[in-house]
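Over in TrEMBL, the protein carries these features:
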COMPBIAS  291-313  compositional bias 'Low complexity'
COMPBIAS  324-338  compositional bias 'Low complexity'
DOMAIN    113-211  domain 'Fibronectin type-III'
REGION    291-346  region 'Disordered'
SIGNAL    1-17  signal peptide
TRANSMEM  220-241  transmembrane segment
Amino acid sequence: MPTRLLLLLCLTGLVFAKKPPDVDCYVVHMEYVHCSWNKQGTPEVNYTFHGRFGSAPWRECTMYLSENGTITGCNHLYQNINDRFGSFYTILKHGSDESKKQHELRYKVKLYPPTNLTVKLGSDSNLWFYWNQSHSGCVESEVRYRINNKTWNSDPVSTGIQYYCINLPSDSSLYEVQVRSKFGRDCAESQIWSEWSQPVAWGANNSTDKSKPKDSSMSAWTPVMYVLGALTLILMVMMLLHYERVRIRLMPVVLTPKFNQEWISGSDNPKPFYPDYTERVCPVRDYTLVSQSSSDSSDCSTSSVTTDQTDCSIPMPLDGSDLSTSCSSSTSTVSVSSEGPEKVSV
């Protein structure tokens, strides 16, 4: 009886014993092999991992991955880069329990996400997206974009192409784009896509990065800046006119001479002109020499010459009472008249 019970318990333990979890491996960006065994959940125990390429000796993992203190995976480094597409063998072991598996990694290569994704509005009014992928020769890409945060639309990109175009975008709409890559058919098509790249956006806010300031938000402030500038200019002009009495003249003022109508009127008796200045008086004299006669000895000459003289250095008396002088000897006299020319008799 005890023997039968012990045998039953052993059979029951074998039935309910858990197998080691399944191991899944793939190549990461042609650098190392990543293996994990937590697809069915975090294991209850820590397993040890061994791997090898072809007939190479077994090597235990040197870079375990853990989750909540439990080992869930391993990054197995290459020893020979030429083995990266060969058959890879793994052993997952805990105590007496172990699981062996063969992996064909040729179709399981996962690349890093594309980098430096940028967007530019071309001169043809189309929206162009560019990115970088270190393994570009055999890599094909997939682009997904959405407009105004709606459903994603996906488009494939041919092998070796690292750009994408959206025709005639609307500046009033917001475009968001992401890219992912994998090895194409020309280099043993991979079954695993890379992760999606960081998104870039363009459109309603005219920006290639959501974390950067938006250009269109700046353009929305442009009319406000214009209005403030105009108001400032008007205020400055008003202040100048008020405090400095500045007159803005478009054309110079031409002065028009003012004539006294009484001067040019046709009146018979115009009013006399009175100057408002004084001028030194210059006397003007006319001298006439009269010929000598036999009967009159009062003449002073025998010839007659008329001469006009002006002498401004001699003051001229205001009346003609003292204008008589003696010419020569006994009978010579000078008679001067205030109204006519002077006559000198010898």
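In case you wondered, yes, glycine gets a Cβ from its N, Cα and C as well.
Across all of the domain 'Fibronectin type-III' (113-211), the predicted model scores a mean pLDDT of 88.
Taken residue by residue, the domain 'Fibronectin type-III' (113-211) breaks down under DSSP into 3 helix, 43 strand, 53 coil.
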